[in-house]
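Visitor: Sharing the feature lines straight out of TrEMBL:
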ACT_SITE  ASP226  active site, nucleophile
ACT_SITE  TYR374  active site, proton donor
ACT_SITE  HIS431  active site, proton acceptor
DOMAIN    48-157  domain 'Epoxide hydrolase N-terminal'
SIGNAL    1-21  signal peptide
Amino acid sequence: MWLEILLASVLGFVIYWFVSRDEEETLPLEYGWWGPGTRPTTEEDASIRPFRVETSDEEINDLHWRIDKTRLAAPLEDSCFHYGFNSNYLKKILSYWRNEFDWKKQVEILNKYPHFKTKIEGLDIHFIHVKPTQLPAGRSAKPLLMVHGWPGSFYEFYKIIPLLTDPKSHGLSDEHVFEVICPSIPGYGFSEASSKKGLNSVATARIFYKLMQRLNFQEFYVQGGDWGSLICTNMAQMVPRHVKGLHLNMALVMRNFFTLSLLLGRRFGRLFGYTERDMELLYPFKEKIFYTVMRESGYLHIQATKPDTVGCALNDSPVGLAAYILEKFSTWTNSEFRNLEDGGLERKFSLDDLLTNIMLYWTTGTIVSSQRYYKENLGKGLNVHRHERMKVHVPTGFAAFPDELIHVPEKLVRFKYPKLLSYSYMPRGGHFAAFEEPELLAKDIRKFVEQVERQ
């Protein structure tokens, strides 16, 4: 009898565990105040104001003066990018930046899309909002929120936007046409930085949801990589009825079983549901995961602990800022680029595009506030936040780019996102997907949306 009771209890616990683990929890929709001082008693101004990027001769002259005063250390012989940004190649970039790069021209390019600002939870939030110029008869545009990460910006999406808003002009089907909204994370670029501690991805998700409400979108798609993937995930956890579909090109699956499955996957890959392609991208474990994490996470430890210290140097030196950020655009695009003298930067990007992204940090003085985002999200440790333990119950699409920092197999993505409709092994590309491979990413977004619409 006691054995039967024990077995029944164990069976009941197992059934409960399997049922409860997929319970559709939601993050609470709270309120924050991130502006200076105390929250005012008057109602917040909800107006949406047009905004234009501007520059001046004084701003450009100051930049040139600082570049002229640069003092570089000589690199070690044959060090390529193994010690960080190679200063021999940096000299070429500085020469181009000082003598050929036309910031005024790039400002005109930035302004080719409509910019706006609006006050949310005490902060001026910047965003671009691009509507299709024409729509097929009887159809409406699908709202799509696209969120960047660090050390990127809204500018990462400039090449993918026309593929989404005007697909027919770019050889794509016009069955799905999008209305694209790209905000700047608070403390990045033209979005005001928080005056208070605690503004993390959950707070950002709430702010961006309020932005979409303010634009009169009750149901919309969201897409992101890097921090954008976490912000969009949090939004889906917070307001699942409003997020029609979630598309990601990076997934943060921070559970103990993930680490265990990676360690055992070489021998028991099939048991964990790994495909042959997964095995190619994950192993040998030491090189493709352990050494990669060790090589590429130094910045993360600094920014998750004492971001303001290194930030003092980066905010004062455009050259230091460029080296610090562009090194990520080298090795995060392809880890093998560290074996090249020029870091392979111009194999995937133009210097104009790279320096435009740098200028968005330099001219706004936001490198420190952008780095604090790591402290706010990771400063207390991993798996300490409720959202990290929650699943996401909205239709999800995932694009697995082969040169992403760490590959996440479909089986593990599905654990976090049980309504995974689309998982694509992309033929090429790395961390900065929209910036590097806009056509591939656009096609995968369209494929995912097609699957959602057919449901």
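Note that Cβ sites are derived from N, Cα and C of the backbone, with glycine treated the same way.
Remember, it's a predicted structure, so these values are computed and weren't measured experimentally.
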Visitor: How many whole Å apart are the CA atoms of the residue listed as 'active site, proton acceptor' and ASP226 (active site, nucleophile)?
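Guide: The Cα atom of the residue listed as 'active site, proton acceptor' is 8 Å away from the Cα atom of ASP226 (active site, nucleophile).
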Visitor: How many neighbouring Cβ atoms, not counting its own, are there within 10 Å of the Cβ of the residue listed as 'active site, proton acceptor'?
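Guide: A 10 Å sphere around the Cβ of the residue listed as 'active site, proton acceptor' contains 23 other Cβ atoms.
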Visitor: Please report how many Å separate the Cα atom of the residue listed as 'active site, nucleophile' from that of TYR374 (active site, proton donor), as a whole number.
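Guide: Just about 12 Å between their Cα atoms.
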Visitor: Using a 10 Å radius around each Cβ and counting other Cβ atoms from all shown chains, which of the active-site residues ASP226, TYR374 yields the largest count?
Guide: ASP226
Visitor: Helix, strand, coil residue numbers for the domain 'Epoxide hydrolase N-terminal' (48-157) per DSSP?
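Guide: In the domain 'Epoxide hydrolase N-terminal' (48-157), the DSSP-based counts are 37 helix, 24 strand, 49 coil.
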